């Protein structure tokens, strides 16, 4: 959360404020960005699936218009969420990241997972409700760990087949039922590269709205084993010197922060700011 942006449950029946429009193609933008006067946005010919009040930005209420499909709006275009993460105002990215998570949840929870009937939006909390089942569905958050494995002046980096060509990153994976974050870390490192770790140190967390992860970041020391890459998950993995690193993840990601923080400490450089 930032001083400019705070989340809140707002009643869509209230008037005024700002709004963002999200479709399967991304967020609607114009020359001024992705936040529009709400009254103007609702006058456009948009295929609205639902509307949610999501918080306040610079003191103004903000609403999400979740759309069934993209619509041409004069002077506007559609832009994916990752583009906002990589460049531009990080506070706006936080608004849109939250909006994307709420939009995904609202789209996926229109019907009860137990009986199949339509669910209704609760006005006073972030939940969808099935009256026959007395069942509430809340926005999904998927906890996952992300870890930089270290060995003195070397760090273990890997690349997935899904990565941008040449980029290496830290190891990561989702927590399983019954696991602590530390249990998940040990298992995922063992599964992905077949090495063991020790001295696990928590560093920080980051919301990762692609679509609904909570990344718990760690440093861990190498304890033994030879790298054996997990088929289909890891395309390459190797040890890199802190003096000679490959192309790395985006600067606003916790993956990049874990790397930059360790390198700064080893080289005696200034500690980087956390991407919060």
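A Cβ is built for glycine as well, from the same backbone N, Cα and C atoms used for every other residue.
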To which of the residue ranges 151-172, 173-194, 195-216, 217-238 does Swiss-Prot assign the term motif 'Nudix box'? 173-194
Secondary structure composition of the domain 'Nudix hydrolase' (139-262) [DSSP: H/G/I, E/B, coil]: 22 helix, 52 strand, 50 coil
Can you list the residues of the same chain, besides 112, 115, 130, 133, whose Cβ falls within 8 Å of the Zn(2+) site's Cβ centroid? 113, 114, 116, 117, 119, 131, 132, 135
Sequence-distant neighbours of residue 233 (divalent metal cation 1 binding site) in its chain (C-beta under 8 A, six or more apart): 160, 191, 192
